[in-house]
């Protein structure tokens, strides 16, 4: 281990930590040798209505994949996040809300949040929402989004939060897949000083005849902007609350009853409805939040994610609130009104823990030290990174410039499907290496396998798999268990395949090398190449499209699209712009292509399979590293693409 790249645990951190090195080793050992005993003990941190007797019933056998934790116990998630804190922490701030406009902020106590959640839970019941019904939440980053999630959990409804940046078409697809009964939205969203037409997007989504399961649309007033109104379907959020009782008994839920669906991009195009259940998910979110962030009562914790992504679910809402923490909810973006926004929020609210994405870090880093000019930052004691691997340069900048060399960085690796953090340093236990996610969390058994599924020992690189279940693991894909099995358990039998590659160094530290399937990681958000390709070929002028990821200074991965036009169509800059706007409309701004290269043909095998490996190499100008092209039906296509790429780069 080279001393230059190693950041040992700081003595002052080790002295006050919840988990030092000896504790980590002892707890990790117990968690993998005796998972039943370990998780039985950890589950006592939750309040149960009916205690469980059986801890773990799990099988990764691809003929009968079945994952159950604490299956005969009952509890309620909202009770665990709210009610049980009222006696001792009722007047503690649960949510600090920071608006897009720096002049707007609110503080909401646990008692106030509990009252509003109960009112809205009663309002949902009044709209015929009951246990097992699906509610779609398409909201800006405002407290009402959290209220809606917890209100669903309180009455046993299943929430499906859809990121407010998704287009009406993408929203409709997600509503149709889960037969959503109610949609909760806002008149408009505010982000970076711009308004987003959320209610108008819902209206457009619901013109799709297949969305007929939706009975009501509940609208929260955010901007007061003018919107269309369907008096038979639309209801104001605030008018419902005005007449609702603040008393609502939490529904007794089985440990394995569904809590939420969250759609994530798949390599086959159609988004996957990742299904999480009640007890195991909540326990895992709470325990990882406490131990990874070394959270202590009274601290101000800020995760910059959106609740439309799993990071927002686990580490803005459920993990922090289950722990009685103060969680900061930010409506805006890191560079509005200017690049100092993050630093100003840290100082304004005396933030102790900052959990953000490499995309935001790179955006601040691009401005040098401007982002911290005039900032104090002395409240910070811990930094976190999530969404994609952080390159060592960005890690160093984050550590030196934002953390002033005083704050450990927890570089966390996990997925929508994992429910919570799987590989991460613990600040009081783990010596840090910039760019490494380091070591597994309790109960997590990672391994590397070659392409045939053979385990690789020692320092090596391979496909990252997990050998046994953990409580936060997704149980299925909504309405499609076969796809769940095919996606995660068929590639390497008896193991959970993450879809990521990794290397393990001589100290047993893991370094995530990125996706090995056709899924891109754009600004920490997963985008399926097939989803973007499908949107592109839906354009009347496009015959064929192939999407690959390329390195991007700000986003981590950029979207590079090769486009073959229909006969008679001519390439032009105007058409490039038209295609970019088309994809934005079909999927959302997040999927907007960074590069479009015209291609008279694509490199295909004789069976018709597009050789994306070759397209990736051309997109990154690695012309001499194309590998074997003898299997191509028309090898001449490759040289044409290389020539075009060189011309584009020279332009």
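Placement of Cβ uses the backbone N, Cα and C atoms for every residue, glycine included.
According to Swiss-Prot, the CoA binding site annotation covers 191, 192, 193, 194, 311, 335, 523, 584, on the basis of sequence analysis. For the recorded site, residue 335 (CoA binding site), the DSSP three-state label reads coil. Cβ neighbour count for residue 335 (CoA binding site): 17 (other Cβ atoms within 10 Å of its Cβ, all protein chains included).
Taking a C-beta cut-off of under 8 angstroms and a sequence separation of 6 or more, residue 414 (ATP binding site) has the following same-chain neighbours: 386, 420, 421, 422, 423, 424. Residues or ranges marked as ATP binding site by Swiss-Prot on the basis of sequence analysis: 387, 388, 389, 411, 412, 413, 414, 415, 416, 500, 515, 526.
According to DSSP, residue 539 (Mg(2+) binding site) is assigned to coil rather than to any helix or strand. Among the features that Swiss-Prot reports, Mg(2+) binding site is placed at 537, 539, 542, with the record citing sequence analysis.
Marked as N6-acetyllysine by Swiss-Prot on the basis of sequence analysis: 609.
For residue 311 (CoA binding site), the nearest of the binding-site residues 389, 412, 416, 515 in terms of C-alpha separation is 416. In the three-state DSSP reading, residue 193 (CoA binding site) counts as coil. Rounded to a whole number, the C-alpha distance linking residue 193 (CoA binding site) with residue 389 (ATP binding site) is 29 angstrom. A count of other CB atoms within 10 A of each Cβ picks out 389 as the most crowded of the binding-site residues 192, 389. Non-local neighbourhood of residue 539 (Mg(2+) binding site): 578, 579, 582, each in the same chain, at least six residues away, with C-beta under 8 Å from its C-beta. In the three-state DSSP classification, residue 311 (CoA binding site) falls within a helix. Residue 542 (Mg(2+) binding site) has 584 as its nearest neighbour among the binding-site residues 191, 387, 523, 584, going by CA to CA distance.
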